[in-house]
Amino acid sequence: MKSAALLLPLYTAAFAAAAFHHEHAQAVIQDQQLTIVEPDEYLIELSPGETRWVNENEKWELRKKNINFFDITHNAELGTLNHRINAESVKYPSKPVFNETLAPLLKELDKNNMRAHLETFTSFHTRYYKSQYGVQSSAWLLGQVNKTLADAGAINASVKAFPHPWGQSSIIATIPGKSDKTIVIGAHQDSINLFFPAFLAAPGADDDGSGTVTILEALRVLLKSDEILKGEAENTIEFHWYSAEEGGLLGSQAIFQSYEKEARDVKAMLQQDMTGYVQKTLDAGEPESVGVITDFVDPGLTEFIKKIITVYCDIPYVLTKCGYACSDHASASKAGYPSAFVIESDFKYSDKKIHTTEDKIEYLSFDHMLQHARMTLALAYELAFAEFK
């Protein structure tokens, strides 16, 4: 397989922890370059066992046709080393039990925080994972997560950049509990314009700026719990912001491949990808709802999430499907971890402006995003205190 050299910026860990500003970020990034060897062709997996070699243009053409895939060129081992607990053995609570505790926390969720964060996040020309803007936006996001932990006085919690060879790092925030059993809440931070990824604008307000700021707000409010702050929860909680989802779930594959190798005990993973668009549902005369994905997910976790929505959200759920490898929860599933995915609506009514210059804030509902934040916060708290085998 032939390869070609592509120059990409090197985003240092020191800068990652300190960067908060666009101009500062660019000044640092331009001082350092990293030579990365990019393959001429990529091995993708379109369904279990169905693989194909494609070039980069062919990858984007598949995405334009709404065909999803894993890019397994450098992640072929994902799912092959899983000798830990079978994901099917995880038993979830029969029902939510922390209604009284969560009631005051849910009132703390603020859609204005989500709007402010999303306005900045979408101001980057693109968050394409192989661009300087993608590195800068990741630096800004890492700064916001750091600030969230600091403002909460979360001295036991931590956040780190998970580096990748393409430049844009993933981000992992960890709130330790009494055990290493882990609950993961995820979203992807990158965006893409499929018509010319390296150059055209990709504000990515809904995909997946909405999920990014939704889980950030859930993290902020979760840290208002003294029990969580003091590490008194039964389980550890992690918040992930994945790089390069649009390239074939690259960032999440790298993370869950490392977790699989380390035999990490992940009890649940929820993905929040696209949480803000509701207009097409309303135009169809349907009630506002959230879409619970039912294919290629863990049935037990999905059933518990349905109960969470019923108890803690002000709108109902609908059952819907999104296909194979449709978001980062698929990487967790492939590694043997139980995962679930909740999207903004029935999949057929989801945002069609994604992957273009028109994926803008003006088309989103922050009231709807608040419902996703309620679900995320409630699930994280309920499972933080759940007792697993």
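Any Cβ shown, glycine's included, is placed from N, Cα and C.
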Margin query: If I go by Swiss-Prot, which of H355, H368, H372 binds Zn(2+) 2 at the same site as D207, E246?
Written below: H355
Notebook entry, point to check: For the Zn(2+) 1 site that Swiss-Prot assigns to H188, D207, which of D110, D265, D273, D283 is also named?
Noted result: D273
Item checked: Whichever of C313, C326 is disulfide-bonded to C322 when Swiss-Prot is consulted -> C326
Notebook entry, point to check: Within 10 Å of the Cβ of C326 (disulfide bond), how many other Cβ atoms can be counted across all chains shown?
Noted result: 21
Item checked: Rounded Cα separation (Å) that holds between N156 (N-linked glycosylation site) and H355 (Zn(2+) 2 binding site) -> 38
Next item on the list: Given the recorded positions N146, C322, C326, state which is nearest to H188 (Zn(2+) 1 binding site) when distance is taken between Cα atoms.
Entry: C326
Next item on the list: Please report the number of other Cβ atoms within 10 Å of the Cβ of D207 (Zn(2+) 1 binding site).
Entry: 28
Next item on the list: Using C-alpha positions only, work out which of the binding-site residues D207, D273, H355 is nearest to C326 (disulfide bond).
Entry: D273
Check: Of the recorded positions N146, D207, E246, D273, H355, which one sits closest to N99 (N-linked glycosylation site) when you measure Cα to Cα?
Finding: D273
Next item on the list: Determine which residues of the same chain, besides H188, D207, D273, have their CB within 8 A of the center of the CB atoms at the recorded Zn(2+) 1 site, and list them by sequence.
Entry: A187, G204, D208, G211, T212, E245, E246, M274, S327, D328
